[in-house]
Amino acid sequence: MKPLINKNLITLKCVLFCFLSGIGCIYPFLPLHMLATGLDRAEARLISAVAPCIALLGPAILGPLVDKLSVGRGSTGGGHSPSGSGRLLRVVTALCLILSAVFYSLLLAVPYTERHDARRPQVLFMCDAEGAYVMQEVCTEGMRCNTWPGQKKGVLAVGTCEYGCASDDMSWLTEPFQTTTTTTTLSPMYNSVANATPPSEMVTDEGDEGPEFERNPPHLCTDGQCLVYMQHAARLRVPLTLSAPQPHNVTDIAADLSEDNTTNDNWCTYRGPFQCLVPEERLAEINTMDMPCRPAVRCQVLDPYDEPDGVLADAECRLVIGDPTYTFWTYFVLRVLADIWPTGALALLGAACVIATRETSLGRGDVGRQLAVGTLGLVIFPPLAGLAADNMPDTPYLVPFILHAVFMLIGALILLLDSHMPLSAPEWWWHTATGALAVPLSAVRRYGAETAAVAAVVALLGALCTTIDSYVPWTIMELNGTLTQVGLIMTEGALPAVPALWWAEALVDYIGHSNVFISAFTFYCLRYTGLAFSTSYGWVAVCAVLQVFTLSLVWVTAVLYFRHLVPKKYTTTGQALPVIAHFCIGRCIGAIVGGLVSLQAPLEAQRGVYRALGVAALAAAAIYLALYHLLLAPRCAAQPAPPPHNLLQGLNANGASNGTYSPMRVYHEERSRKGHFRY
């Protein structure tokens with residue numbers, strides 16, 4: 001009876017456990033860490049999309065490199081000396097784990113930056129005999145005025161200009177404006193010399209103040225030229241040249257100025273060259289006031305920050321801590337370098353599972369069981385990392401990053417110390433249960449088109465997966481979730497995967513690889529539909545349980561299928577292909593698609609993306625089902641043919657001396673025989 005646990009594979013299981021534990025401790029928190037560092041969501045989406053493109057360098061280079069360096073040391077065509085490829089595979093994988101720990105830990109050293117949203121302070125305009133004054137609230141972010149070198153030219157749009165008394169405390173500027181309406185259609189302003197005759201009296205609809213106002217409209221004069229504000233005008237664009245601001249204290253500001261304003265605020269005063277003279281009849285009215293004041297004209301400022309060519313167009317209040325540009329590029333470089341190593345390690349560990357489990361001519365190994373034990377790391381540690389983060393609000397992401405580094409270093413240490421890990425070169429372990437060498441089926445299955453087609457399907461599934469995983473932590477936090485719940489999402493997705501992966505090879509053998517992929521597209525439709533209507537964390541958690549069908553079984557199916565598609569001497573390259581397709585190309589596409597949301601309403605926009613992708617996943621399932629079962633399977637399937645009776649003949653010539661038998665392409669059906677089917 002075959003033992004339940006293969007003692008030779010215990011250390012490999014430990015390495016997979018450490019690797020997936022480290023990934024689980026850091027991966028769900030990376031989107032949140034980018035925002036916590038000070039990056040905005042657009043920058044975080046850019047990094048999430050670009051990093052997978054660079055990450056494919058890991059499996060794309062290391063996979064062929066390990067295969068190349070293994071030639072002549074135990075692989076096909078080699079001698080009988082002990083294989084050196086096992087040590088090479090272990091050392092390279094350990095190096096990837098160490099570099100992953102180093103580069104992700106360096107992300108903690110990225111300088112913090114903070115950018116507050118622009119605030120638009122109140123702007124006031126006054127003009128008297130001494131000049132024009134543009135007054136702006138001092139930014140509360142550091143209590144500073146917006147400054148610029150020299151003088152600044154631009155336009156200030158004003159309206160509702162009126163005469164009045166400017167007291168020392170400037171309280172008049174903050175009082176409500178007295179507005180009147182007219183039916184006149186004359187031009188709102190005209191240029192004249194300083195002693196020009198004012199326009200003639202105009203008829204208005206209201207009271208006696210209108211004609212008097214129109215007989216003496218406010219004049220804003222400079223260099224012998226005047227701008228005249230007419231009462232019926234909605235907007236007067238005043239060209240200004242403002243000098244450096246001077247702080248000016250304002251007391252007794254009206255409480256009803258703005259809900260954002262308080263008393264005793266400070267204001268910045270910008271001086272302009274205009275002068276405003278108050279007519280004598282207005283002076284007589286102003287001089288009746290008891291308080292000391294000076295005659296002036298005040299105008300309501302219209303759209304000070306949005307007016308074309310506005311003199312205050314860039315004067316919004318902004319608080320910036322640190323250097324956002326330096327923070328972005330530092331994080332960007334470190335992140336794209338960090339993502340290379342776990343993807344490379346995943347490809348190498350996949351090859352290690354395929355090699356170490358010693359697949360026989362029965363087409364079975366223990367790949368699924370190795371991955372099942374490793375998946376326990378995803379079950380246990382992500383919520384613990386999130387719990388530690390919630391309890392350390394000052395440095396919430398310190399523990400997840402440290403746990404990642406610790407697990408990666410432990411896995412690397414095991415790989416370097418265990419010289420007996422069964423990772424000998426592939427072609428030498430193609431054995432049957434009785435120890436006789438069987439015909440190496442994979443050696444003759446070199447179907448480039450089929451490999452490309454399966455890689456494309458895996459990439460599409462990877463895009464659907466990453467669209468969720470890259471941004472669902474943001475969704476959870478927007479639903480008032482916690483970091484512990486972000487970690488629990490990993491647990492809820494990985495826990496059902498443990499038993500499924502334990503019997504994965506028999507399950508995939510029974511269902512068929514194409515049916516697994518079709519089911520995955522269907523479950524993605526259900527998962528996206530659930531996320532589109534999620535209003536609480538509970539619904540997100542329920543959708544995460546479906547990950548056993550959308551990721552776990554998909555991944556083990558890809559590993560098993562590429563194990564048969566690619567010749568044994570290219571085992572590492574063969575396992576690099578699904579990593580590149582799913583976790584590099586698919587992640588890039590998914591991050592781009594998932595990032596196509598509005599920055600103003602990200603949660604609702606994300607739900608719209610989920611609804612669209614749910615429809616796309618269902619359409620992909622229907623198309624795949626029709627193409628495979630109605631077109632490809634009937635045309636490509638062949639009747640099963642028995643293998644050669646003389647297995648030793650195949651042994652002597654590496655399976656090529658028979659001359660009359662070639663393993664036939666039989667897609668998995670219930671009539672297929674072991675040794676002939678294709679996962």
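Positions of Cβ are set from backbone N, Cα and C atoms, glycine also.
Note on TrEMBL: of 228-247, 428-447, the range annotated with the feature transmembrane segment is 428-447. Looking at the stretches 493-509, 510-526, the one that TrEMBL records under the feature transmembrane segment is 510-526. In terms of C-beta pairs under 8 Å, the stretch of 328-355, 367-385, 574-597 lying closest in packing to the transmembrane segment (46-67) is 328-355. The average pLDDT computed over the domain 'Major facilitator superfamily associated' (9-597) stands at 80. Ranked by Cβ pairs under 8 Å to the transmembrane segment (510-526), the stretches 88-112, 328-355, 397-416, 538-562 are led by 538-562. The stretches the transmembrane segment (88-112) and the transmembrane segment (397-416) meet in space: the count of Cβ pairs below 8 angstroms, excluding pairs fewer than 6 apart in sequence, reaches at least three. Residues of the same chain lying 6 or more positions beyond the ends of the transmembrane segment (328-355) and with a Cβ under 8 Å from any Cβ of it are 12, 15-16, 19, 23, 30, 34, 37, 39, 43, 46-47, 50-52, 54-59, 61-63, 66, 86, 89-90, 92-93, 96-97, 99-100, 103-104, 106-107, 110-111, 365, 367, 370-371, 421-424, 426, 429, 559, 563, 571-572, 574-576, 578-580, 583-584. Below 8 A, the CB atoms of the transmembrane segment (397-416) and the transmembrane segment (12-34) form 3+ pairs separated by six or more positions in the chain.
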